[in-house]
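**Student:** In case it's useful when we look at the structure, here is the feature table from Swiss-Prot:
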- H118: chlorophyll a ChlzD1 binding site (BINDING)
- Y126: pheophytin a binding site (BINDING)
- H215, S264, F265: quinone binding site (BINDING)
- Y161: site 'Tyrosine radical intermediate' (SITE)
- H190: site 'Stabilizes free radical intermediate' (SITE)
Amino acid sequence: MTTTLQQRSTANVWDRFCEWITSTENRIYIGWFGVLMIPTLVSAIACFVIAFIAAPPVDIDGIREPVAGSLLYGNNIISGAVVPSSNAIGLHFYPIWEAASLDEWLYNGGPYQLVIFHFLIGVACYLGREWELSYRLGMRPWICVAFSAPVAAATAVFLIYPIGQGSFSDGMPLGISGTFNFMIVFQAEHNILMHPFHMLGVAGVFGGSLFSAMHGSLVTSSLVRETTETESQNYGYKFGQEEETYNIVAAHGYFGRLIFQYASFNNSRSLHFFLAAWPVIGIWFTALGVSTMAFNLNGFNFNQSIIDSQGRVIGTWADVINRANLGMEVMHERNAHNFPLDLAAGDVAPVALTAPPING
């Protein structure tokens, strides 16, 4: 009689699971960060879609005046949003089990917290997953460093700013018009357009767009001819080919003569590092600016800075912006305040520039 011994396969289930999770041969890399990223992002997306379509109105200001944000309550794609949780909740963690009923949870904007917390964990894990895959493949880690800019921006508007202001009702709504409302109120309360870190962010985003267009057009204009006039130039490139597909010397010569010699990169590596670093650093600064303005360290105030010899104010664009800020502030949350804080606490401000008397 022959006796055979068979090793139990269950002893290696964990090892095979680990190998599958960390395998770079999968069509889509999962990784250990992906183990947390996938369920959190799926939860955030599912709750966002359901809330955007069907969530009942939310008492965002905590004054029993609900704001409707979902499609089924009369909104469209532009006006719809997942409305932030109620000011009555403040900074309290508000999961479903903390509410007395599902209706109460919906009325107080519980879905907003569910979405942003899962979303922030998910995008942080996506950043970690980028590093993890780079590590497995022996690549340098700069991809995740670049992605840290949008992660920092999202963290600033969804987490840091509400913490600084004392309530998640001050977080950015999850919708198009809600985002615009957030921007307008942010300008009214913090004068973000006059903050140097926001200016750096504008330079980063607009400059990055300009440099991207310049680089793409230069490369496309200096391709090595591999096709005839009747063929698409895209057929002149084969994936993985060793030869350069464009002439960097020609591109450098063109741009150096168009502007001046040292305005043009002669090193492809430093050029592409610059293209990545410029917008990333700009967005880092904007996220840092929002995080400081969260605690009311606001933009520059040049209101009524110029006066004549008689002490009369000579209006500047700073005064025009200040007047616009006051108008936006008095109009937002108009039923939540008896009197706007800036107007109640500050000096008397004229509502119009002094006009000269009319003789006639």
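Every residue, even glycine, has its Cβ placed from backbone N, Cα and C.
Keep in mind it's a predicted model, so treat the numbers as computed, not measured.
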**Student:** What residues, ordered by sequence, lie under 8 A Cβ-to-Cβ from Y161 (site 'Tyrosine radical intermediate') and sit at least six positions away in the same chain?
**Tutor:** D170, G171, M172, V290, S291, M293, A294
**Student:** Near H215 (quinone binding site), which residues of its own chain have a C-beta under 8 A away, given they sit six or more steps off in sequence?
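**Tutor:** In sequence order, the residues whose Cβ lies under 8 Å from that of H215 (quinone binding site) (at least 6 apart) are L271, L275.
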**Student:** Other than H215, S264, F265 themselves, what residues in this chain have Cβ atoms within 8 Å of the centroid of the quinone site's Cβ atoms?
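**Tutor:** Once H215, S264, F265 are set aside, the remaining close residues are M214, L218, A251, H252, F255, L271.
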**Student:** C-alpha of Y126 (pheophytin a binding site) to C-alpha of the residue listed as 'chlorophyll a ChlzD1 binding site': distance in Å?
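**Tutor:** Approximately 12 Å lies between the Cα of Y126 (pheophytin a binding site) and that of the residue listed as 'chlorophyll a ChlzD1 binding site'.
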**Student:** Name the residue among the recorded positions H118, H190 whose Cβ has the smallest number of other Cβ atoms within 10 Å.
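**Tutor:** Each of the recorded positions H118, H190 was scored by Cβ atoms within 10 Å; lowest is H118.
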**Student:** Roughly how many angstrom lie between the C-alpha atoms of H118 (chlorophyll a ChlzD1 binding site) and F265 (quinone binding site)?
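**Tutor:** So the alpha carbons of H118 (chlorophyll a ChlzD1 binding site) and F265 (quinone binding site) sit roughly 42 Å from each other.
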**Student:** Report the same-chain neighbours of F265 (quinone binding site): residues 6+ apart in sequence with Cβ closer than 8 Å to its Cβ, ordered by sequence.
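**Tutor:** The answer is H252, L271, F274.
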